[in-house]
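First comes the structure, then the notes that go with it.
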């Protein structure tokens, strides 16, 4: 008998760390028994006559615990799928069937009785079924198990599908969701895909190789491998990927690739797996280097921590993780170039000095500053002649006359001189100088660059990215979402020499937030659209969630004291069932964060103020932070507090009120920020404020 190979279900892998330690050891011993004497291990499995799946077996793992194992009719692939107390394990397994789907080839877990019970609860009606236009064989082609067709025929709308979805294989639930959202049968069939090989429904080994199966099962070669896998917190994203995500991770792109997707679609997870894949499978020589970078220090710190988790607690091999500004400053410093970055107050002083000399003529300071950032700095304009000829596309408003540009250039010159007299530089100057030095050296520090939150990078940062790795296959991998843009104005990546034509992909399935929270967040945009990072448009059409839960709750109060009292009461209710660190309280400003932290401490609640340098695993407590700091984070329960028209959106600065484009961009960023905050929630979302309601 050839050696037995075990695959472990996602459900068991996440369950195992919560079992008693003695039971865990027994599970490891069971795996060892298969590894050392597979014939003997298989012989000691017990059949249960009333199991619906006749291949299901049990094995003792302690006095009162049983493991559920699926033994193949032929072949040597066994499935270890569940462990629990004897009666609970029997109840769990009794009506489940583990079948290979005859068309899509994936191994599916089906409980016909549970699915039937779910749709039996639906109200009776005469409305036509949502999928009446499709015949049964067509639904089977989309990955629907044939035994569940009667339940699927009971679905009338999206609400009834959400009742049934937890009892469907993931690929089947997704296919039906896409149909409900208006995709054609042909489009959904193409998205679901099918194996190139002929499907053998008795071949568990072949089914385990299918991408859809691999989001439910992981193959474990030995007890040591299993114990190593469980040696740290098991999080599903480390092990299980959606087939679309898996394709992006391992695909060989013939040049730069761009991945879009709304919050919770797993863009960052894909980026992390992609970085590891490139290091382990593509750029494997000892001298090969990969840069994994992003916009901010906070995000880089979070990425570094999670990439270590992905690499089982070790530093990722030959992958450098840092935010782009820090990389540029550090690279220059290694070459003896030290530039001091102007802080906000120093920038204000320099502008005040410049305009004190030149005046502002008919312009506002805000207009002048944006002209400097969006035109002069963005295009690296160094002379008046170049500025007179420069394109101002995207600036809006009335075109500037020659004398207007000449006056503005005198202000820009005075501002530059004010910075130089203080030996100060803007971040963009540091990035630009690093890029130019790299171009002069004609050397590439990395074989590949992976970028998270690309939407918040400006033109000069994108140009630097292009110089960090040679042009070619698998060189740049960019992920982002313009709906979450909080900093930089929209920029086409092609304007930085990054050609993504034919290599743009979009993730549509939200794994983090519930349908209800996602729907609330999407409605914030109404009919508004955002860019696709390269001059086109991107919408949230087809962006769907696989989870369901309670509707977000909005509560409003006459004053802050009343709101704070209600927040404390709501938190006390949550903490009866949820760990404090699973709760995030998000506010617009640092001052508000400090106020809520103080109030929660007064009430005797555990609290941790998360600031720029905080590590989230520093200790227990409700996480209190600004919405900007919450970028990239997630919590089971989120409270968005302190809302109101004077606090969120923040008022437009008075000097910007006459600049229509500046006002529009400010409002878009504030709306994006609320969208970011709402989509940090996995299970519940509470929004509260006082005074007049926020216009958002």
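Placed from the backbone N, Cα and C atoms, the Cβ positions cover glycine too.
For residue 267 (ATP binding site), applying a Cβ distance below 8 Å and a minimum sequence separation of six or more within one chain yields 259, 260, 261, 452, 479, 480, 481, 507. In the three-state DSSP scheme, residue 267 (ATP binding site) falls into the helix class. Residues annotated as ATP binding site in TrEMBL: 261, 262, 263, 264, 265, 266, 267, 268.
Annotation source TrEMBL lists domain 'UvrD-like helicase ATP-binding' at 240-532.
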Among 265, 268, the one of these binding-site residues whose Cβ has the fewest neighbouring Cβ atoms within 10 Å: 268
CB contacts for residue 261 (ATP binding site) [other CB atoms within 10 A, all chains]: 24
Residue 262 (ATP binding site) CB neighbourhood, other CB atoms within 10 A: 28
Near-site residues: ATP, ref 261, 262, 263, 264, 265, 266, 267, 268, CB cutoff 8 A to centroid: 481, 507, 510, 511, 512
Per DSSP, three-state class assigned to residue 261 (ATP binding site): strand
